Amino acid sequence: MDLKKCLDMAEAAKAGQLPEISDLEELACLPEQHVLDLLPAANAVRKHFFGDQVHLCCIVNGKSGKCREDCAFCAQSAYAKTSAPVYPLIDSEKMFQGASYARENGVHRYSLVASGGRLPKAEVRMVAEAFSRMGGDGVGYCASLGILDAQDFALLKEAGVDRYHHNLETAESHFKEICTTHAYGDRVKTIREAKKAGMSVCAGGLFGIGESDLQVLELGLALRDLEVDSVPVNFLIPIKGTRLEKSSDLSPLRCLKIISLLRFALGGKEIVICGGRESNLEELHPLVFYAGASGIMTGDYLTAPGRNPQKDHAMIRRLGLTALREGE
């Protein structure tokens, strides 16, 4: 695919016309040596929908370890042999500290993440009660508590949590290679229930877990069909003791191609680069915005250290971009 065709696709995307599947498949199969040719077009689409504003989010690991699911990549799975921390649901004071950290560091959105297939209803109520006392003041609230039902979502929404995070993780055709203790359809149902409850949905996946380039596209199209609002893109950090500890499917250029492909497939949806940004993209990680990303996760990840928010703010300023604030 030549640069002119990419730019023509970008102009069509800006007008709300998503590319033909055959064109997206051609992008998915593009050799790595041509990936940088995608960036001007992908960046044009990002800039059309988001201007120079960048979405920043951060998370706190609200409950860690002893998860009964067997996700091949996860350090918190009971099936893994790792040194990941194990602790119960944190108290409300620690939840408040996470929100304060976001506010003090100019972060647009704060999310509480809990391990496990689903958080017990009593603990969902505890989380909702804590969020109800946080107040807004420039930060939007998100939760990632597993496979919940309509009653849970109504409780969270009433407490001021306006977005729910629940990844599909990978393409449906690859899902059973990654997880066998629950079904892909369970994740889809959760996303639909959250949307039905009137919540914004953040749903994406993890890359570098054995998926093909066409399966990257398959996931992107599934997310498009579900009409999710924000798509977190994670790149595998192989963790010793997990089934994917020796996985090495990623290069900096492949990461950029994945971002660009998703931008073309998803049009004006948020694309937020999360786990594995620095370790996989290395010196190229500031290029995520030019590849089509509209945001990044800053601060620490669930079980791995991340990047200082002030470093990310400095990078954003050097790129001529600005950090988004809640309400803008």
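Cβ from N, Cα, C; glycine included.
Annotated features in Swiss-Prot:
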BINDING   Cys67, Cys71, Cys74  [4Fe-4S] cluster binding site
BINDING   Ser111, Cys142, Cys202  [2Fe-2S] cluster binding site
DOMAIN    50-277  domain 'Radical SAM core'
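Annotated features taken from Swiss-Prot, shown on the structure.
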| residue | record | DSSP (3 states) |
| --- | --- | --- |
| Cys67 | [4Fe-4S] cluster binding site | strand |
| Cys74 | [4Fe-4S] cluster binding site | coil |
| Ser111 | [2Fe-2S] cluster binding site | strand |
| Cys142 | [2Fe-2S] cluster binding site | strand |
| Cys202 | [2Fe-2S] cluster binding site | strand |
Original post:
To the nearest whole angstrom, what is the C-alpha distance linking Cys202 ([2Fe-2S] cluster binding site) and Cys67 ([4Fe-4S] cluster binding site)?
Top reply: 21
**OP:** Could you state the whole-number distance in Å separating the C-alpha atoms of Cys74 ([4Fe-4S] cluster binding site) and Cys142 ([2Fe-2S] cluster binding site)?
**Re:** 21
Subject >> Integer mean pLDDT for the domain 'Radical SAM core' (50-277) >> reply: 94
Original post:
To the nearest whole angstrom, what is the C-alpha distance linking Ser111 ([2Fe-2S] cluster binding site) and Cys67 ([4Fe-4S] cluster binding site)?
Top reply: 19
**OP:** Identify all same-chain residues not among Ser111, Cys142, Cys202 whose C-beta atom falls within 8 angstroms of the centroid of the [2Fe-2S] cluster site's C-beta atoms; report them in sequence order.
**Re:** Cys57, Ile59, Arg109, Tyr141, Ala143, Ser144, Arg163, Tyr164, His165, Ser230
Subject >> Nearest-integer angstrom distance between the alpha carbons (Cα) of Cys67 ([4Fe-4S] cluster binding site) and Cys142 ([2Fe-2S] cluster binding site) >> reply: 21
**OP:** Show, in sequence order, which residues other than Cys67, Cys71, Cys74 on the same chain lie with their Cβ within 8 Å of the centre of the Cβ atoms of the [4Fe-4S] cluster site.
**Re:** Glu69, Asp70, Phe73, Ala75, Gln76, Ser77, Tyr79, Ala80, Ser115, Cys179
Subject >> Fewest-neighbour residue among binding-site residues, criterion Cβ within 10 Å, set Cys71, Cys202 >> reply: Cys71
Original post:
For Cys71 ([4Fe-4S] cluster binding site) and Cys142 ([2Fe-2S] cluster binding site), what Cα-Cα distance in Å is obtained after rounding to a whole number?
Top reply: 22
Original post:
Which chain-mates of Cys142 ([2Fe-2S] cluster binding site) that are at least 6 residues away have a CB under 8 A from its CB, listed by sequence?
Top reply: Cys57, Arg109, Tyr110, Ser111, Leu112, Val161, Asp162, Arg163, Tyr164, His165, Cys202
**OP:** For Cys74 ([4Fe-4S] cluster binding site), list the number of other Cβ atoms lying within 10 Å of its Cβ atom.
**Re:** 26
**OP:** Quick one: give me the count of other CB atoms within 10 A of the CB of Ser111 ([2Fe-2S] cluster binding site).
**Re:** 23
